[in-house]
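K.L.:
Pulled the feature table from TrEMBL, pasting it below:
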type	residues	note
ACT_SITE	Asp76	active site, charge relay system
ACT_SITE	His110	active site, charge relay system
ACT_SITE	Ser275	active site, charge relay system
DOMAIN	67-322	domain 'Peptidase S8/S53'
Amino acid sequence: MKVSSHCTEALNAMDEISQVAESVEISAMVTQDTAPWGLQRISSSTTVSGSPRGQDFAYTFDDTNLGEGVDVYVIDTGVRATHDVFSNGGRVALGFSAFAGADASDEAGHGTHVAGTTGGLIFGVAQKTNIISVRVLDAQGRGNTTDTIAGLNYVVDQHTRRKNQPGFKGSVINMSLGMGGLAPSFDEIMRSVSEEGIHIAVAAGNDAVDACGSSPASQGGANSAIVSVGALTIDDTISEFSNIGECVDIFAPGSQILSSWPAADNTLNFLSGTSMASPHVAGVMAYLLAQDSTGALVNDPAALKAKLLDMALSDKVEGNTQGAANLLLSNGADGSQQRLVKNWVIPDVGGDWASKRWQVHSYESPVVY
């Protein structure tokens, strides 16, 4: 019900009425009590304590959406679609492969790990989102701009087809890759993709230098609606490898991140890199798009970027940002305000990654892009 200003003033003048205030929507927050440290960090106002390899962390979120209706395109080495973390609804599509005779499955591991952080059960931010594998990198994690542009064209075509369909909530790209230098023509293409209404998160890079010197991370900051992501350790310190500078929009968990691994359907692995930070942001993008009941954000990457940065925790990042915004990714929840508890159980696998049913790779993987 709408109330005019003079009615509000009259009500506030009554002795028996303490205050007249606008009614706002309230939703219950759910807590998943088995989660990697990164998920607790993005859903809590306080620093996480403990070992980054521990399993006593909690993820707090609004259970009404978790990215449902949003398409996330993982432009990477491919995705193992059959992995158990994607078992709730067959949410992974093998969309595009730049390699003749090969589909968009993962032969390297990097893409499956990224996809798990974006939208996998237990280990992912937006656990109901649609994940589309766009394979532009080979089994060694290498590729070229020509194939990557072909993958971007595929995404634009799919977004154009999908954007008027019922239930569609938006398209997000995660691009955990980099050129190793500036590629102005590629950056121009990235901006044009964003201008199509597609939301993009990119890794800032792992050379501990200015992100403005490498594409597509250079498109972060004030340069476009693309979000460039730096990496943090569990104690909110900038990861020693993370690029910094004015082109970095936001920092997210990126050191010793546990997620899905394609050796088998129940294998996991710890990886470190801004590659691991970016999918946290892509997941929160999907989460926010699914929450947007008005539809105002669906085709407006600049507005979603502004909302993402406005929700971030400020002045929490430790270390020399070299001009990067001191912002830490947040999904808007506060883990100290937990109301319900949810234990995700993956069929025939179980939710405890320390159990024998989860196979965690025992070796320490190198830093990846």
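Note that the numbers count up from 1, one per residue, in the order the chain is shown.
Glycine is treated like the rest: Cβ placed from N, Cα and C.
Because TrEMBL annotations are produced automatically, they should be read as predictions rather than curated entries.
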K.L.:
Count the Cβ atoms, other than its own, that fall within 10 Å of the Cβ of Ser275 (active site, charge relay system), considering every protein chain shown.
P.N.:
32
K.L.:
Mean pLDDT over the domain 'Peptidase S8/S53' (67-322): what is the value?
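P.N.:
Taking every residue in the domain 'Peptidase S8/S53' (67-322) and averaging pLDDT yields 96.
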K.L.:
Quick check for the class: what is the C-alpha distance, in angstrom and rounded, between Asp76 (active site, charge relay system) and His110 (active site, charge relay system)?
P.N.:
7
K.L.:
Reported as an integer number of Å, what is the Cα distance between Ser275 (active site, charge relay system) and His110 (active site, charge relay system)?
P.N.:
9
K.L.:
List nothing but the one residue from Asp76, His110 whose Cβ has the fewest other Cβ atoms within 10 Å; the candidates are the active-site residues.
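P.N.:
Across Asp76, His110, these active-site residues, the one with fewest Cβ atoms within 10 Å is His110.
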